[in-house]
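Visitor: Dropping a structure here in structure tokens format, bear with me for questions.
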Amino acid sequence: MSKRPSISFSEFEVPQKGVAVVLVAKGGGFADEAAKAVGDAEKIARIADISGFTGALGKTAEAIETTPAGVEKIVLVGVGEPGKLGNDDWLKIGGAAFSQIGNAERVTLTLALPETTIAGDEAADVALGMVLRSYKFDRYKTRKSEENGEPKHAAKITICVADTHSARKAFEVAEAVADGVIQARNLVNEPANILGPVEFAEEAEKLEKLGVKVEVLGEKELKKLGMGALLGVAQGSVRPPRLVVMEWHGAKGKEKPIAFVGKGVVFDTGGISIKPAANMEDMKGDMGGAAAVTGLMRALAGRKAKVNAIGVIGLVENMPDGNAQRPGDIVTSMSGQTIEVINTDAEGRLVLADALHYTNDRFKPRFIINLATLTGAVMVALGQYHAGLFSNDDELADQLYDAGQSTGEKLWRLPLGTEYDKMIDSKFADMKNSAGRYGGSITAAQFLKRFVGETPWAHLDVAGTAMGSPANEYNQSWASGFGVRLLDRLVRDQFES
């Protein structure tokens, strides 16, 4: 696996060896501290001129140059217009900086800009961007550093910033969030022959060491609860299903919890309605929603969030054996509502139907947010830069949208309505699990809405963003961990501010 850098914060100092990284604004402006870090201002101007570097956000320039103090390499990182930087931009700056340090074991980043005060939380976001950029899933590669020129040791990075106390304090929180994102990425990247429902549940149980209460329900308990929708999906696999309930109690008193529910199909062949062979290997990531919920619970516990939160994940494998669910089957969900199975590849909503009802019925939460790699249709509508947002509550939808804007994990709201709801009515049961080609992501959301009652609820369709999304400055991984930072920000803004 990747070597995670060790990051510390310091007052401004002249780097003594290794790599010196400095910030440059659009148009070439830089702080006096940056000039001191590399020896003189002319070096920065010369490197920028030779490289055609303009200081645009996320762009870099580098030179193998020594300084009187012993630095061997200088890296310039563009920040664009300093007055317009947001949280996501500071992550981009950190990720861009990390991308240029190579095999260096000692790095000093001078975090200063002309006529600009960089706050402690902004410095922490830079550090978070570096940690997230350092991530690499290479667990199964037997030849690593000798082939790829990777460093033998993790980089030691010193970030020089004016307010070191605030930066350290903010990074304690950011590092817990990084742990959650990395866990989500690891779970999604893991191959399905290694990570089945049982193994996933075991990973979730490890959160107990952070103070999370974890309960794992097996097939016997699920049958007793009447989870016919979830069990119908699982019956084609020899690997038994699991429902994992994670509880974090961080609020004072007995406040009603907030709840997060994740779809955890550890591998999705499509079942009897089998998928085409091309790219089916990507369906190891069809548990991206469950991975995000697990990563979120780790982040909340790791930073001791002052909130009561519930995470519920339904874990199954969708396989086409002789006992598999068939098109035309009718199953009874835990809610008592019956479902005609039109397409066994519309299985995620069946898993979520029971998980949502269970969560709502048992915990009576303030709201429920579910995440799922639910439909290809949402990718047709939105591509891979936004996840689909559906909600029965405008206030919750607005809060989620704002959290997405501030973290860069962006959402776009799509409609719900009675016209779409009628499309999932069935001739033979209360509803059907697929309404056909048109409005596929919307009718899937309408299906889920039938299992949450009047509770404020939002559904995030992360099919385009949880895996295989375009790389950026702080994520080069196939699995992005999308949703962890977004929902952590929602919790901070709405319950801890």
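Placement of Cβ uses the backbone N, Cα and C atoms for every residue, glycine included.
The following feature annotations were taken from Swiss-Prot:
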- Lys263, Asp268, Asp286, Glu347: Mn(2+) 2 binding site (BINDING)
- Asp268, Asp345, Glu347: Mn(2+) 1 binding site (BINDING)
- Lys275: active site (ACT_SITE)
- Arg349: active site (ACT_SITE)
Visitor: Are there recorded positions among Lys263, Asp268, Lys275, Asp286 that sit within 10 Å of Arg349 (active site), Cα to Cα? If so, list them; otherwise say none.
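Guide: The recorded positions close to Arg349 (active site) (Cα within 10 Å), listed in sequence order, are Lys263.
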Visitor: Distance between Asp286 (Mn(2+) 2 binding site) and Lys275 (active site) at the Cα atoms, whole Å?
Guide: 13
Visitor: Hey, of Lys263, Asp268, Lys275, which of those recorded positions are within 10 Å of Asp345 (Mn(2+) 1 binding site), Cα to Cα?
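Guide: Those near Asp345 (Mn(2+) 1 binding site) - Cα within 10 Å - are Asp268, Lys275, in sequence order.
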Visitor: Within 8 Å of the Cβ centroid of the Mn(2+) 2 site residues Lys263, Asp268, Asp286, Glu347, which other residues of the same chain have their Cβ?
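Guide: Filtered neighbour residues, in order: Val233, Gly264, Val265, Met283, Met287, Val316, Asn318, Gly348, Val351, Ala372, Thr373.
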Visitor: Tell me the Cβ contacts of Lys263 (Mn(2+) 2 binding site) under 8 Å, same chain only and six or more apart in sequence, or just say none.
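Guide: In sequence order, Asp286, Met287, Gly288, Gly289, Ala290, Ile313, Gly314, Gly348, Val351, Leu352, Ala355, Asn370, Leu371, Ala372, Thr373, Leu374 meet the Cβ cut-off.
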Visitor: Within the chain of Lys275 (active site), which residues six or more apart in sequence place their C-beta under 8 angstroms from its C-beta?
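Guide: Long-range Cβ contacts: Asp268, Thr269, Met283, Asp345.
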Visitor: In terms of DSSP three-state secondary structure, what is the assignment for Lys275 (active site)?
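Guide: The residue in question, Lys275 (active site), is coil (DSSP, three-state).
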Visitor: What residue among the binding-site residues Asp268, Asp345, Glu347 has the most other CB atoms lying within 10 A of its CB?
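Guide: The most densely surrounded of these binding-site residues is Glu347.
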Visitor: Neighbours of the Mn(2+) 1 site Asp268, Asp345, Glu347: Cβ within 8 Å of the Cβ centroid, same chain, sequence order.
Guide: Val233, Val265, Thr269, Gly270, Gly271, Ser273, Lys275, Met283, Asp286, Asn318, Thr344, Ala346, Gly348
Visitor: Which state, by DSSP, holds Glu347 (Mn(2+) 2 binding site): helix, strand or coil?
Guide: coil
